[in-house]
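Feature annotations, courtesy of Swiss-Prot:
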DOMAIN    172-391  domain 'ATP-grasp'
BINDING   204-266  ATP binding site
BINDING   Asp345, Glu358  Mg(2+) 1 binding site
BINDING   Glu358, Asn360  Mg(2+) 2 binding site
Amino acid sequence: MAKKRVVVLYGGRADEHSISCISTAGVLGAMDTERFEPIPVGITKDGKWIINGEDPRGWNLDGGELPTVKITPESRPVMLDPSRGQDGFFIGEPSHINSADSGFGTSFVSMPDPEMHHALTSLGHVDAVLPVLHGPYGEDGTVQGLLEMMGVPYVGCGVFASAACMDKHYTKVVLGAAGIPTAPGVTVDARNFTAADVLAKIEDAGLTYPLFIKPSRAGSSFGVTKVEKADDRETQQDRLAAAIATAGEHDWKVLVEQGIDGREIECAVLCPKAGDEPEASWPGEIVLDHQNDDQFYDFDSKYMDASASHVEVPANLPVSVLEDVRDVARRAFKAVDGAGLSRVDTFVTPDGTVMVNEINTMPGFTPISMYPKAWDATGVSYTELITRLIEGVLR
């Protein structure tokens, strides 16, 4: 039987570019190459799609450096012709990558002119796409919409779920309509705000401190600030303004959320074929190993400091609470019309209440990521996980 040819997209224009690269190294290392022929296609930070760049299989975080998709002398541009569907992937010449006069430009995707097809080589028939892209321009429905338009099967959530879950404000709206609790908060426009008005909104909403201020459409803890209660209003406004400015560097839409007195418990959801009943893993917990009052799970704790935390699956909670988390995760996945995979992050309060923090529709696949670790602890190996996800969209 011929191997199914799978384009693996990685990199991208988002802040999470390097995390996508590390996730892809894990995915390619675990993919069953007896069944699938992976075709790695990198996306540079400025949006160029390339093939034959640096081999992502060799990337890791051991050296403390974050990898990026870079154009090499061997790189060739990948161009798309949406009208040709699964046969619409083409390779240009190396000189086309940076040549504005070539007609290929530097856009996110180009539709080659028929007269230019002679300068292109077909990438061949593509059976499916596995977009290992985190954050905007990859996990937010944009790439999913492109693949839908082309009629190319792809792994993961569709346009609506991807867009709704990328935007934490609208995640709250959808889950609230489904009766699923989330952390209380207010939304601020970082382009046009005064700290006094924000403080008034916080007080009107009855939010208690500490607060977590974060971009609405970013991941991997980029731009997140913990804000404690100050002794006076002027200091409080200064702290809020600084935190909103930090979040605003990543997104103009900013969430101000009440800190929850509870444990952060994550659950992996798997639904290879859209419409099937979703499965939930044993929930896990990121345990922080540097104990201090100000620590929270920021970007450096996640990726740059291996000694900062470790993963425990299942989390050290009563089985009844773990089952509640699994139930909430499945319900949340259904509420957003999820497909393929997601990681549902929850808070579990001391009284056992489970509320959703966020839904990641393309969770990290790095060696330290919760999603593959949770499924491995539930009895699904890394390789089996990827196989099921790909075969689900080929059925």
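Don't overthink the numbers, they just go from 1 along the chain as shown.
Using N, Cα and C of the backbone, Cβ positions are placed for all residues, glycine too.
Here the features listed in Swiss-Prot are placed on the structure.
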{"residue": "Asp204", "record": "ATP binding site", "Cβ neighbours (10 Å)": "9"}
{"residue": "Phe212", "record": "ATP binding site", "Cβ neighbours (10 Å)": "20"}
{"residue": "Glu228", "record": "ATP binding site", "Cβ neighbours (10 Å)": "12"}
{"residue": "Gln236", "record": "ATP binding site", "Cβ neighbours (10 Å)": "21"}
{"residue": "Ile244", "record": "ATP binding site", "Cβ neighbours (10 Å)": "21"}
{"residue": "Trp252", "record": "ATP binding site", "Cβ neighbours (10 Å)": "16"}
{"residue": "Ile260", "record": "ATP binding site", "Cβ neighbours (10 Å)": "19"}
{"residue": "Asp345", "record": "Mg(2+) 1 binding site", "Cβ neighbours (10 Å)": "20"}
{"residue": "Glu358", "record": "Mg(2+) 1 binding site", "Cβ neighbours (10 Å)": "22"}
{"residue": "Asn360", "record": "Mg(2+) 2 binding site", "Cβ neighbours (10 Å)": "22"}
Inquiry  = Check the DSSP secondary structure of Glu358 (Mg(2+) 1 binding site), expressed as helix, strand or coil.
reply    = strand
Message = Just to verify a number: CA distance, Asp345 (Mg(2+) 1 binding site) to Trp252 (ATP binding site), in angstrom, no decimals.
response = 23
Query = Rounded to the nearest angstrom, how far is the Cα of Glu358 (Mg(2+) 1 binding site) from the Cα of Phe212 (ATP binding site)?
reply = 13
Remark   = For the domain 'ATP-grasp' (172-391), the averaged pLDDT of the predicted model is 92
Request  = Would you identify the secondary structure of Asp345 (Mg(2+) 1 binding site) according to DSSP, in three states?
outcome  = strand
Remark   = Asn360 (Mg(2+) 2 binding site) to Trp252 (ATP binding site), Cα to Cα, whole Å, comes out at 20
Message = Just to verify a number: CA distance, Asp204 (ATP binding site) to Glu358 (Mg(2+) 1 binding site), in angstrom, no decimals.
response = 24
Task = Sorry to bug you, but what's the C-alpha spacing from Glu358 (Mg(2+) 1 binding site) to Ile260 (ATP binding site), rounded to the closest Å?
result = 13
Cα distance (Å, whole number) from Trp252 (ATP binding site) to Glu358 (Mg(2+) 1 binding site) = 19
